[in-house]
Amino acid sequence: MDALAISSQPISYDFRKETWRHTLVLSFQSLGVIYGRLSTAPLYVLESIDPTDIKSPDEIHELFSFIFWTLTIIPLLKYAFIVLRADDDGEGGPFSLYSLLCRHASVGLIPSNRSSDKILQQGEDGPSKGKLENKARRAIEKHKSSHYLLLFLALLGACMILSDAVLTPAISDFSSDETKDHVANAMKKYVPTPAACVVLVCLFTLQKHGTKKIGCIFAPIVIIWLFFISGFGLYNIIHCDTQILRAVSPLYMLRFVKNINFRHWKLLSSIVLCIAGSEAMYADLGHFSKRSIKITFICFVYPVLLLTYAGQSAFISKYIGTAEAFHLSESMPNKTLQHLFAVLSLLASAVGSQATITAGFSIINQCQALNCFPRVKVVHTSEQILGQVYVPDVNWFFMTLSLAITIGLHDVSQLGKATGMVFVHVFYVII
């Protein structure tokens, strides 16, 4: 039996008693669920830039500086060290933040399933509130408009994450498909291949097996992919442009901003895609633990991604003015490795969609608990972790929309703009 019925919900796992062995197991599984999308971002971040907008190698250095600091400030500092602390009984996402606000201030416009005794006990056990915090809470409680604004932001964030669960499979698989076409030169640029659609169908069919099994299947793919692209990132730094490492200095960003114009804004709109997927670190919190998510990102995903982007930027700076240089596949030293890259990118892109799909299931489950979504069947796929859920009806709905978008919007740049807009909205809501 693949999953537990909704009637037999598992007992919530106490992550405070989590052993290091269990942390490492969850860290391994999180690679296949949460970090697949972040790891495939190098496929389209720099590739979505118009080569004619880059005028000199210095601009590539400045853009890499933005990538470095964006990855450092948003996923590392904001999510890993700050936002992950704001969990609601182990759950994450916009509705968890809203639930926390409702619990500690009288701003709720929708009924809560939590008993008043438990809320009172949490209030007594918590630390004493400072004067500034009490003033802010009273100000929010006093104005009814702020209650509606908080609910609107929670719903907006939830809607954007659900939109992300539809757009991400499309852009991830289509990006890898364009990479394969670029390597093989077998199809026209604007014709989506049947392979991408087949991968999407297989991906959504696997969802019924639950987070644990999917994580164990996908994690090795992500590990191989990250070692592969970071290895050639290091190769390109050594052979193309070692000066790229100096771009970690924020002075490069200041130099870019000093002469900013409309062309520079276009370049920055592509750079924001490097953190698309980092919101899954919080949205998928209910499927794992804070410690496992944090350790995986800090010790593995973060340094490997920086090495990859540095290598790709070094390659572009050496072959500036060549449109092909912006394809990550072109940074591979020979054709054999390019063909291997095409296969790995297709597999990794399928995995990259998992984070937002899993987050979508969690959001639907939270929405139902708050009576903000029609009743649908929710299947708990773990006997220990309450947050690991699967929603069959929503899963097939996601698949249908993703297939339609893959076939209809057959251009990575269009999908990239839509995905970037979705991520920016989620980013501001979580702020």
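Every residue number used here counts from 1 along the chain in the order it is shown.
Glycine is no exception: its Cβ is also placed from the backbone N, Cα and C atoms.
Nobody curates TrEMBL annotations by hand; they come from automatic prediction.
The annotation domain 'K+ potassium transporter integral membrane' is assigned in TrEMBL to 27-427.
What TrEMBL records for 24-46 (among others) is transmembrane segment.
For the transmembrane segment (66-84), the list of distant contacts is 38, 45, 92, 247-248, 250, 253, 256, 268, 271-272, 274-275, 278-279, 281-282, 285, 290, 293-294, 297-298, 302, 305-306, 309-310, 313, 427, 430: same-chain residues at least six beyond its ends, Cβ to Cβ under 8 Å. What TrEMBL records for 66-84 (among others) is transmembrane segment.
Residues or ranges marked as transmembrane segment in TrEMBL: 148-170 (among others).
Long-range Cβ contacts of the transmembrane segment (218-238) within its own chain (Cβ-Cβ under 8 Å, at least 6 residues beyond either end) map to 28-33, 35-36, 39-40, 42, 244-245, 300-301, 304-305, 307-312, 314-315, 328, 331-333, 337, 340-341, 344-345, 347-348, 351, 354. Positions annotated as transmembrane segment by TrEMBL: 218-238 (among others).
Note on the transmembrane segment (295-320): residues 23, 27, 30-31, 34-35, 38-39, 41-42, 45-46, 54, 56-57, 60-61, 63-64, 67-68, 71, 75-76, 79-80, 226-227, 229-230, 232-237, 240-242, 244-245, 247, 274, 281, 326, 328, 330-331 of its chain, located 6 or more positions outside it, place their CB under 8 angstroms from a CB of the stretch. The transmembrane segment annotation in TrEMBL covers 295-320 (among others).
Under the heading transmembrane segment, TrEMBL lists 340-364 (among others). Using a Cβ-Cβ cut-off under 8 Å and counting only residues 6 or more beyond its ends in the same chain, the transmembrane segment (340-364) has close neighbours at 32-40, 43, 91-95, 158, 161-162, 164-165, 168-169, 172-173, 175-177, 179-180, 183-184, 195, 199-200, 202-204, 207, 211, 214, 218, 221-222, 224-225, 228, 277, 279-280, 283-284, 286-287, 328-329, 332, 373, 376, 378, 387, 389-391, 394-395, 398, 402.
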Chain residues in Cβ proximity to the transmembrane segment (24-46) (below 8 Å; excluding those fewer than six residues from its ends, i.e. six or more beyond): 63, 67, 75, 168, 171-172, 175-176, 179, 211-212, 214-223, 225-226, 229, 270-271, 273-278, 280-281, 284, 287-289, 292-293, 295-297, 300-301, 304-305, 308-309, 312-313, 316, 326, 328, 345, 348-349, 351-356, 358, 412, 416
